[in-house]
Amino acid sequence: MPESLPLDRNSIEELEISDAEIASLRNAPPPPPPAVRPALTPASLPVVQRTAYAVSGAFAEGGIGRILKARDTRLDRTVAIKELLSTDAAEAERFVYEAIITARLQHPSIVPVHEAGRWPTGEPFYAMKLITGKPLGDVMNDAHSLEERLALLPHLLAVADAMAYAHSQRIVHRDLKPANVLVGRFGETVVIDWGLAKDLNDESAEPLSGKPRPPASEEKSVSRSAHLTSVGAIMGTPAYMPPEQAMAKPVDERADVYAIGALLYRALSGVAPYDVPGGDVIDVALKVLEAPPVPLAERQKGIPEDLLAIVEKAMARDAAKRYPTAKELADDLRRFQMGQFVAAHTYSRGEIVRRFIKRRRTPLLVGLVGVVALSVVGILSLTRIIQERNRAQANEVEAQRQKAEAQAQRLEAQQKHAEATKRADELTISQARGLMDRDPSQAIAWLKTLSPNSPRFPAARTLAADALSRGIGKVFRAHGGGINAVAFAPDGSTIATASDDRTVRVWDLETGTHKVLTGHGDEVWAAAFSPDGKRLATGGKDKSVRIWDLATGTSRVLAGHEKWITSIRFSANGQWLTSQGFGDGVFLWNVAAGTGKRVAENSGVELSRGAVFSGDGRTLVLVEKGKLVVWDLATDKSRDFSGQTSTCSSIAASFDGMFVVTGGVDGSLRLWNTSKGALRTFPGHTKEVTALAFLPNGTAFVSGAKDRAVRYADLSNGATRLLGQYGGEIKTLALSPDGSRVAVVGQDRNVVLWDVANGQRRTLGGFQDWLGLHGVAFSPDGKRLAAAGFDQTMRVWELGTQVDRVVGEHDGASTTAAFLPDGKRVVSAADDGTVRLFDLASGAPQIVDRHGAKVSDLRVFPDGTAVASASEDGAVRIASLAGEPPKVLRGHKGRVARLAIAPDGKHLASGGADKKVRLWDVATGQAEVLFEHEKPVETLAFSPDGAVLATGSADKTVRIYRFATKEAKTLGTYELPVRAVAFSPDGKTLASGSADHTIGLWDLATGQGRVIDASGNGVTQIVFFPDGATFASLGSEPSVRLWETATGKPRNILRGHGKTVASISVSSDGKRIASASLDGSVRIWDLESHEDRPLAGHAGGVSFIAFSPDGSALVSTGQDRTVRLWGDDLPADEAGLRAWLDAATKDVVHLDDRPASPEPTR
């Protein structure tokens, strides 16, 4: 068990607690209340009439409250109501706080809160899901043998998963114990009673009770003898709390980790960790403080060593030695259940060998018995033969024995090698996964080390695709110091880097080779190519400007500066060069003649970044002594304008030289006309402006500052908007040649790109030095981006490899989309009432139909020649993709909710607000009403053979219509509306889902069905996998649930989204599932490897997702009005994926575990 704290009853003074203080624990006053806390009184809750609930009895009752069984008369569902009986104001505050905290936690193993309010008489209450079952303690008491106790582990894993979710929200329970965990009749496990929970993100949120609060274990439904009561300043139940909580110290997630460990201890041993017969709460608390509990291995023999290690780590006396949160504990428990190595235990070679022998005991014993039997038979035979034959036979037996031993040794070596290889591959996948956020290129380098024929290649494919979406940069290493500047050559084939190692290097982007230019006597801080690409100008700390002839590698020095040089720029015609530095003015050089002059004197910060050429190269502009100075390079004359009230820290000029924008150390932005002077100021930044750039058309500019903000300013109206926040102070930025994107670097390890039009953000990482990045540049064609910084590397990204692209945009939120059967075109619909067609090759958009209201559904005909759409205007329309006029099918009154097209494409079914289910003849446009529901139709679907139509309605029924008999039949009735129906691929099973969070599975041959509890908050979509053995469901929650069709048993829960999942799609091979969420992301789940990856791009909630027919791409729609295409086309076979990985990056993993580029040729 965990190590002891330095405490025993004989030396209790070591805790710095006096005997008197220990004795006073029984009547310890509560901690002082916070100075300011939010209003958590019942008055803050809405008033709810008692008629809203029909109470049928009490489940439990205590001194301050009770739990009632009731029926919600508004939604016709059974609930549990917890109401406060105490009139104490502090108890009321804590009760309201408990309701708020519990309501925030949405997890299958945490009881969901439906409503919180107060009765007209003022008493607060909250209604929650009714859990039928018994406390975990009772389940534990029923387990007597070790085998029965080990069978309890799934319940404890469910508790750990629930707490892992709570910890992800920074909420701790602080009172985990068997009484606060319920086990339902079907094995579901739910954590209840969050009355002592605390939000760690809000220190002021927790109300402090003015008197002791009896725990839930003292309610009448739970035995008092099994649990302890918390009093005084100690919050929780001492038998399951860690030492720091017993001492009333502040706690975090690790206190819950300890409590889960204590629950494991109780489950495996049958007794609580601290069992003090006849003792009270202080006796137990002192016991907790004195020493660790009796070692679990002594309480119960035979517990596996690695499970003991998990409990020991969870219950470590020192909180720092425990699992940091419940997630890591849950992961270790899950590994134990799967027979994998657990992180908490250190395995010896002997244990590894014993595991190997245990798993293969039978074949080894059979082989050994066979060898022994043969030897015995041989010996008996030899006694009957002459001595010579006996000796020969003995020799033969010995040879066979040696051969068998050698074979066994080879087998053992092979098995050890296989185990080691498997373990190495698991570590490789883990390492790649861990590197994904920091450096996708390094993650790819690790994936390349997977062993041949590794079963982890499906996981590698998912991780590789994730790396691709994040951006895989080509890494260039050779400098021995930080890199201060990067510059693309005009043809984009080479890049120059300037470094603190006193060298300049010119890199060939295709081969990775580079030339080293030496000559500077100190750090090089600036570099710029001449417009013709034949020369390179550099400058730095040695105060010299050098112009290099790139063909010969020779340079000439332009002397004149007396201080460090920070910036160098060529004019557009290459005739002029400007250089400036700290406190040394601005020099203008005639490149051909090699002569120059100082055009501005020292003026501090104003000249460190403050001189630029106009884009056409005709003028040079700078700020000196509060004035904008404009040099006409043709006449060598200047004019100046007053108005720069703040010290200038950055400057930019439009291409035509007409406009100039300056940034100040106070965050101000000022626009100038080079003929008229200052025009206007722009609001926005709060700290020094460090970077500015005009869009190529001169209509707007972007700015970056030390306040980390990147802003866009429109010259026409003076409006500015925030594009986003960078991770640190911004040093510089670059605009793409077309002005569509801005790249920002600074005191952060990432490059961040923003789309200037819509603010879409993309982060490119991999840099390692916390001091950040100094240089960033787009290639002349805008297809590449280079950046470099203090970690001595340069990285170059191919921007065309971005996984998503916008194929089209609507004028309102886009709501649904579909691929045409050829996979080459996409059709979409939106709230703007339009149906649009997009050619994925050409990008050409086309409006093929237009409704008078929002489009509610969209379907593509099987032959791909037309699309059907439904709208809130009551119309059903069929639009030909060949350009023929659309057909308008009228008959419905009110919103048409759903459409379904028969497999042969000859008929179309529709249903909606008017309750009628209509069948349309596509050729004639004629319709017949098949039947009518009592309330609006919510969903419908054809069977695969077209013989049956299924519908679901707000009248809570699911019905089928058989076309052969022309009869409608009600299969079942739910408690709430039916919102999803789907047929299995073989047409034998119908699945239907309701808002009452249940799913019905109906055998269409017999009409019999079974209902399963799908959890969540109401089923909204059901999708079958191609083999029909599995189906997926959505339940208005941030997860996707997978089910076994034959039994209705759950198979998996796919978690990862932060908000409700709105749509799912299954790939044609059934190996992947894609989900779209209101959190703005798309996720692709690889079901074979259990890996998933997020796809970010939408600037709002994503409403719909669908795979292409071949599964190589996805289309999504969202609140940002865009229709996006996502690639998922990496090779699925090992050989193809290895080739892709090798091409993606040249980085390799060396023996020191640090990926590095192969040394390039100079």
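Note: Cβ is positioned from N, Cα and C throughout, glycine not excepted.
Because TrEMBL annotations are produced automatically, they should be read as predictions rather than curated entries.
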Have a look at 382-423, 1054-1095 and point to the one annotated coiled coil in TrEMBL.
382-423
Please work out the mean pLDDT for the residues of the domain 'Protein kinase' (53-348).
84
Three-state composition of the repeat 'WD' (682-723), taking helix and strand from DSSP:
0 helix, 23 strand, 19 coil
Have the repeat 'WD' (1054-1089) and the repeat 'WD' (1095-1126) got at least three CB pairs under 8 Å, pairs 6 or more apart in sequence?
yes
Tertiary contacts of the repeat 'WD' (889-930), defined by C-beta under 8 angstroms and 6+ residue spacing from its ends, are 856-863, 868-872, 874-878, 936-942, 944-946, 949, 951, 953, 955, 961, 968
Any contact between the repeat 'WD' (776-799) and the repeat 'WD' (476-517), i.e. 3 or more CB pairs below 8 Å with pairs at least 6 residues apart?
yes
Intrachain residues whose Cβ lies under 8 Å of the repeat 'WD' (476-517), provided they are six or more past its termini
523-529, 531-533, 536, 538, 540, 548, 550, 553, 555, 769, 771, 774-781, 783-784, 786-796, 1146, 1156-1162
